[in-house]
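For reference, TrEMBL has these:
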DOMAIN    1-269  domain 'G-protein coupled receptors family 1 profile'
TRANSMEM  6-30  transmembrane segment
TRANSMEM  51-73  transmembrane segment
TRANSMEM  101-123  transmembrane segment
TRANSMEM  209-230  transmembrane segment
TRANSMEM  250-272  transmembrane segment
Amino acid sequence: FPSDALCRVLIFLLTFASGFSAHVLLVIALQRYLLICRPFGQQLTLYWRRVSLGIITVVCLGYASPLLGIGGVRHSNSTFLNRTFPSHECVLSVEKSAGTVLYFGLIALISVANILITVALYVPITRAIYRTFSFRKRTLSYTSRDRRMSDSRTTQISHIEIQESPKHETSDIANNGKQTVSPKRAAKVHQKTRTCESKKDKVKATINLMFLIIILVYILSYIPTLAILIATYTLSDFTYLELSTAGINLWLFCARFLLLNHVVNPFIYGYFDIGFRAEFIKICCCFDKRKIEYSVNSQTT
């Protein structure tokens, strides 16, 4: 590895960013839980959401800062394919000791607890959303069936009144006929209202689905890295260079698998969140306009 200082800074930033992202997802899960499962209880207001971000920042700085001191480039003689050679590897801890094992055990415990609490919060959220939409689906089916039956009865009654009425009451029948149309108009207004409500429900469902996918990606991407971290500091006298070539590649892949969470998140937001996508397009258009203005100015000068 080319630089000891660069190694320490990169390890610190990776740990801080990963922890910050995980804890923010926990707060999002708590906010969705209170909003969906406890709608009439105390909610996370804007003030408390900002306070939670400040607390998360302080906590992440607290457990990521020691890496600036204990991390770095480890210089050693390594054996690979029966050949010994000097290696310079960027590691979380240069020296193994009881203190470093306790420290990384604490980080692993915080990460596992964060995952378990997030899952525990999202299980009742998923159940509540499923129950709500299944109930509304049944209600809509019953309402549409009753409306069709009511419309058919209204049409039959209006035809019978027209056939049994005298000829000199044609104008009254016409007026009555207009009055019999009013239930249909009321049904149309009711249908528009139900359509607006269903659109709002779809938006809410999309937002909940987006956060659910984000949290699933977070859980699946952190588990392999946590397993590698635990194995590194619990298996004594073990180095991944003792594995085969495929094993080494798999080990390093799993150790960096948590980066998938940061890579995938913008694409998930861009797919589900229309506002995020619109702002992103606006930023790109601004960059294009600046490039065009710069090229025009350079050509004129």
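The count begins at 1 with the first shown residue.
Using N, Cα and C of the backbone, Cβ positions are placed for all residues, glycine too.
Because TrEMBL annotations are produced automatically, they should be read as predictions rather than curated entries.
Small disclaimer: the values here were computed from a predicted structure and weren't measured.
Same-chain neighbours of the transmembrane segment (250-272): 17-18, 21, 206-207, 209-210, 213-214, 217-218, 221-222, 224-225, 227-229, 240, 243, 280, counting only residues six or more beyond its ends whose CB sits under 8 Å from a CB of the stretch. Sequence-distant contacts of the transmembrane segment (101-123), counting only residues of its own chain at least 6 positions beyond either end whose CB sits under 8 Å from a CB of the stretch, comprise 15, 19, 22-23, 25-26, 29-30, 32-33, 63, 66, 70, 92-93, 212, 215, 218-219, 222-223, 226, 229-230, 232-234. Per-residue pLDDT, averaged over the domain 'G-protein coupled receptors family 1 profile' (1-269), rounds to 79.
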